[in-house]
Amino acid sequence: MSSTIASPDEGYLSKNIKEMKLNWMIGFLFVVSFIGLFSIVALRKTMIIDFKLTYPSGNATAHLINSFHTLRGAKIALKQVKALWVSFSISFFWSFFQWFFTGGDNCGFSSFPTFGLKAYANRFYFDFSAVYVGVGMISPYMVNISLLLGSIISWGFMWPLIGKRKGDWYHASLSDSSMRGLQGYKVFISIAMILGDGLYQFCLVVYKSAQAYKIQASHQSSAPKISYDDEIRTDTFLKDQIPTKFAIAGYVVLALISTVVLPTIIFKQLKWYYVLLTYIVAPVLAFCNSYGAGLTDWSLASSYGKLGIFVFGAWAGLANGGVIAGLAACGVMMSIVSTASDLMQVS
C-alpha cells in the first residue's frame, strides 16, 4: 500500500510501503495477466459440455449475436431486438427515476424497507435493482432458490446469532465491517462453502477422468450415445482451440517467468516460493470460481483474492513486509481466477 493510506499506528513500516508508479504497475500486469488464458483451456469442455453450465451473460449475448446472422430467423431477430430495446429503456429510465430519490448511502429506492425497519436492520429489504432482476430471470430456478435460501439462513439466523457473541467471539470495539469481527465470519464462511462445492466438483472431474482413462486403456467403450447434431456442435466447439500440451507449457513458462521477475524486480517482500505456490493452487481456485460463475453469473475472484492476502500476509509477517506480500499474492491469484472465469463467458 502507499504511504497515503497506510495507518500511522499499525503496519506503517518501510517494508509495507510501495508507492504507486506506472512503470512497475505496467510490468506487473504484463507479467501476470496472460497466464489466465492458458488456465481455461482444460476447463472449457468440462464446464460447458460435460457440466452444461449456462454462463448466463455469455449465453444471452451469444444467442443475440447468433440471431443477427441467421438466414431463417429475421423476424425472430427483429422481435428480439425490439424486446432488447424495450427492456433497456425501462431499466435505464427506472434507474434515472431512482436517482431523484437518492440522498446518499442507504437512502431511496435502493434501500427500501419492504419488510419493515426491524427486518431492514438485518439487511432484508428490496433495492429495485434491474441488474439482479435480470440475473435472476436468466439463472436456473435451482440457483435462484439456493441463493434465496442461503440469504434467509445467513442474514435471518446466522449473522444475528454471531452478532450476539460480540465481545466473546471477537472484540466488542470492532465495527461490523471489520474483517476481524463479524465481517470476517461472513467472508470466510461464504468462501468455505463455495470453495467446498467447487473442490467437490474438481475431485469428481479428476475421478471421472481417471475412470475414463482406465476404461480406454482396457479397450472398453462405454461412451454415452449422443445425437448427430450434438456431436457436430461439440466438434465445432472444440475445433481450433489451443492444444492442451501448449496450454500446459505456456502456463508453466509464464509461471516461471513470474516466479523470477516478481520477487527480484517488482516486490522484494514477495518470496519466490510464495509466487510458485500461488500458481500451483490458482488453477484449482479458477475451476471453483468458473463453476460458480457458470451457475450464478457471479465471479468471486475478489473473495479468493482475500485468501491470498490473509495466507501469504500472515506467512510473511508484518515485520517482513507481509502487507505488500499479501496484496501482491492477491493480485497474482486474481489475475488467474478472474481471467479464467471471464474468458469462459466468451467461450
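Keep in mind that glycine also has a Cβ here, set from the backbone N, Cα and C atoms.
As recorded in TrEMBL:
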type	residues	note
TRANSMEM	22-43	transmembrane segment
TRANSMEM	83-101	transmembrane segment
TRANSMEM	141-163	transmembrane segment
TRANSMEM	184-207	transmembrane segment
TRANSMEM	246-266	transmembrane segment
TRANSMEM	273-292	transmembrane segment
TRANSMEM	312-337	transmembrane segment
Legend entry - Outside the transmembrane segment (312-337), six or more residues from its ends: residues with CB under 8 Å to it: 1, 11, 13, 15-18, 28-29, 32-33, 35-36, 39, 258, 262, 266-271, 274-275, 278-279, 281-283, 285-286, 289, 301-302, 304-306
Inset, instruction - For the transmembrane segment (184-207), name the stretch out of 22-43, 83-101, 246-266, 273-292 with the most CB-CB pairs under 8 Å. - result: 273-292
Legend entry - Sequence-remote partners of the transmembrane segment (83-101) [C-beta within less than 8 Å, at least six residues beyond its ends]: 64, 107-110, 128, 130, 134
Legend entry - Tertiary contacts of the transmembrane segment (273-292), as residues 6+ beyond its ends and Cβ separation under 8 Å: 35-36, 39-40, 43, 47, 51, 53, 194-195, 197-199, 201-202, 205, 251, 255, 258-259, 262-263, 298-301, 304, 307-308, 312, 315-316, 325, 329, 332-333, 336-338, 340-341, 344
